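In TrEMBL this protein carries:
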type	residues	note
DOMAIN	43-117	domain 'Cation-transporting P-type ATPase N-terminal'
TRANSMEM	97-117	transmembrane segment
TRANSMEM	137-156	transmembrane segment
TRANSMEM	298-320	transmembrane segment
TRANSMEM	332-353	transmembrane segment
TRANSMEM	788-810	transmembrane segment
TRANSMEM	845-869	transmembrane segment
TRANSMEM	950-970	transmembrane segment
Amino acid sequence: MALRSNKRASIMSHMSHMNYVGHAPSSELLAEINLLKEDQVTGDHFLTPSQLEVVYCTSLTTGLTEAHAQDLLLKHGPNKLMELSGHSYWKIFQHNLFGWFQCVLWIGAFLNFFLYLFVQYIHTQHRKEEEAGKDHIYLGLVIVFTIIGTGFFGFYQEARNVTEMSGFEKMVPPNATVVRDGVKKVIPNCDVVIGDIVLMQGGDVVPADVRILSCVNFATDQSSLTGESKPVQHMPENTHHNPLESKNMAYFGSPILDGTARGVVVATGEMTQIGRIAGLVTGLEKEPTPIAKEIKHFIKIICAVAFCFGIMFFLMVYFVQGSWIKGFEYMLGIILANVPEGLIVTLTVCMTLSAKQLKRKNCLAKTLQAVETLGSTSCICSDKTGTLTENQMSVSHLFCNYTIYNKDDHSHVSDKSYSQLCLAASLNLKAEFAHNTLALPVEKRKVLGDASEAAILKYMEINRSASRTRRENLKVAEIPFSSAYKYQVTIHRMHDSDSFYLIMKGAPEIVLEHCALVATNDEPQMLTPIVKRELKSYFIKLANMGERVIGYADLHLSSTTYPPNYKFDTEQRNFPITNLMFVGALSMIDPPRENIEKSIDMCREAGIKVVMVTGDHPVTALAISRSCGIITMPTAYDYAFEQHIEYTDVPAHVKNQFSAAVITGDELRMMSPSELKAFQKRFEEVTYARTSPQQKLFIVETYQSLGYVVAVTGDGVNDSPALKKADIGVSMGINGTEVSKQASDMILLDDNFASIVLGVEEGRRIFDNLKKTIAYTLTSNTPEMLPFIIHACFGVPLPITIILVLVINVGTDLLPAMSLAYETSEMDIMSIPPRKPTDHLVNRVMIFMTYFQVGMIQFCAGMYAYFIVFAQEGFFPSSLLFVRANWDSPDHMYVMDTLGRPWQYRERKQIEQRAQTAYFVAVCLTQVSDVIICKTRRISLLKKGMQNHMLNVSIIIDVIAALAVTYLPVCHEVFGTQPLFWHDLLLVKLETGSNAHMSQAMRRRSPQLGAAVSI
């Protein structure tokens, strides 16, 4: 074990480095990670004290020698935990500047600069190419500034949600008390070694994994490791075959709530349970987010389209003009025309706006890409405590006089048995209200004590003023609760009789063993075996409701035997604790959150599988799952309860008849991955109980292998491996540990499952809007690309310049594209299944429709406007064919129009600029029509309406910008445009209106096609 500890420490350091630099882990590292994924099976909890001495070469009385301890420290290393690397600022910066999309744009910028050099120094036959070359410089610079600007903006948005957290470090105590050479010493906790005898007491933190040798009322909080909020009462004896559930084991980092203990250290540092979890979280590879996969897929498609068009037009230009250099120049230009330089701005803004929307819904996205991932979720593995429930124990039922009463049923307050139970529950309490909160309403007061006692105190304070009752009837003696005997006894001096009153509280079946009578509203009854069996059936009923049951018994001590000055000795127990009278029981539950069932139903309607993964007992897990709506059908546990048999006695063929199941960690431990897959396919509704951190990870990985996009919620250290591995890990902002927050991608600011459902809806809206945005952006590629082909192959004057293409891409198109991020969800967004992996952000249908339908409509509209302007000046289309060489040459004095009139170079260039302006305006106006059509994917535009005010404003700005480029003199100088006549604008508008009618007709004919392309 020592060698493995050293090896693992070095390997984990290596893993951290490799994760940082982005390298794939080696086979040795993968083997080590797989080792960490396995449930650790140790036998320390089975060993006797004498066996522990032999195994760990120590003395249980004098401890290790100092020399031996130093040797062990050198051999095993310090008792420290590895910190999570988290999202470093450098990684975030790198991702935002050199992601897949950014790399394509960097290549686009490089090609622009290369094309400029190509035109200036290689292909310089014509002056026009020199002007074009300058446009390439401008376009390249715009792309560079766009990448840098959006990169820094994205970095700012993500970096402000990242804090450097030392989650594991905060769990480690600074010092520990050990026995070495027979002397008690306080040493730095990092110097604790295997075999050390440690002394622990309330208020400390467990310094390592410790096997308990002896203890007195020793209780620890292991919720961060096991997920259970109930304190663990320890004892020296083994209580369970699973070391995590055996009460003679205490684990590194667990706060000590009460008592004292002496134990032997059995694991330190990375070999502790917490250390294994830290190793898992550090070593696990995070799957790419769905949106990252979609962007990669989009880039592949765009690159394929660009290169296909580029090669095709290279061949066309080569055969028409006979120049491979000219063909190469046009090929580069076509490829550049397909680079969506404005889309990166739109995507960044869309993600940022959506992240802000999610934050308003109490979901804080640590990365922008996590925003969309939640919408892709098809399976949610939810923790119970604090997410599905309120994380606050409260009294649910009272049992007395053979009747179960709801906590809100006060009709029996005056009953004798009811009053007797409330008196006992009010007095037998250790919890107290914090003094500085006494002025607050009872529900809002802070309680000093464990969760169960806090619930009883608050309930009894409201119903019979427990604080006053306790002041009037002072406690004179107490036997504290111990896991050895599972009860607590208090003795009170009653102010009204000056006699003593004994109360026992504990597990109801244990309390019954000390009773001879049962309280009723009439006379007490004898506790016969039949009565005992009947009472136990009520306890089972309450337990099957997922409630924790506490029983009460009392005894009025005779004032003759126990006079007012009697001295009670709780060690010698000079008072009776048998032949008591059972007065009743209270049951408590961590209640489900308000409207949680509605949220689960929404997930089910949306096609999202919800499973609960908890460390609780399977009966409790089933009850909570049923009350939340996760399990709605019968299970084998219900069958066992109805047949009055143990669950383990239910035959396998009977278990397989059900469609819902609860599976425990012990059952998971016996399953292979293929068996768990078959189980997950077989059962529609599943809850996992008594699971370890490794098993939670196993569950998540298996669902992912079945094709699910998995979201995991958690708040403890035990949840961190599953949070890290999930497609999206969601930690709790209020009660979550810093380790879980560091391992997650998103933080729930209100710890409420309902916020996840709202986040799913928001994520789906994001995907819809991104699809609309991309569809809108791609439509302008065709009218930007084909003019250069027409110019090269048919010799017509150039219909649009590169600088005007740039104005469209990063100017007039930008605001409408970004405004689509403000589109509200379509009405059916939560009634459709999660999108399939094959439902890509960009698909072949979208490419076809954007390039060859809508794009061609825009191109035709632009060419129509272009030819109209020329025709008005006497150049009919036939006279423009193959005129390019003479037209662009200043040395060619005159070019004749269709009517036979000569045009000088300067005059024809003015006409060309006006035609290019008309083409530009036509594309802008058709894009206005397109953005309106892109508002919806599945429903009619008439139903959706024009409620997006940002879109309305962007359309107005778009039109104003197009007019400004057309009519402002300063724009004429910068962009090379000319003012148009008003009748030209009217003709252009009439032509572009056909775009909207054709797209709407397409949606009516094929709604699925409309949904696929968003236009």
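Backbone N, Cα and C define each Cβ position, glycine as well.
Whatever TrEMBL says is automated annotation, not expert-curated.
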Stretch-level contact, the transmembrane segment (845-869) and the transmembrane segment (788-810), CB cutoff 8 A, at least 3 pairs: yes
Segment-segment contact (the transmembrane segment (298-320); the transmembrane segment (788-810)) at 3 or more Cβ pairs under 8 Å: yes
Same-chain residues near the transmembrane segment (788-810), Cβ under 8 Å, at least 6 residues beyond its ends: 132, 135-136, 138-139, 142, 146, 313, 316-317, 320-321, 326, 330, 333-334, 337, 340-342, 345, 780, 862-863, 866, 880-885, 887-888, 908, 912, 915-916, 919-920, 923-924, 927, 965, 974-977
Within-chain partners of the transmembrane segment (332-353) [C-beta distance under 8 Å, separation at least 6 from its ends]: 101-102, 104-105, 107-108, 111-112, 114-115, 118, 136, 139, 142-143, 146-147, 149-150, 153-154, 157, 295, 302, 305-307, 309-310, 313, 368-369, 371-372, 766, 769-770, 773-774, 777-778, 781, 784-785, 788-789, 802, 805, 809-810, 813-814, 817-818, 820-822
For the domain 'Cation-transporting P-type ATPase N-terminal' (43-117), the mean pLDDT of the predicted model: 82
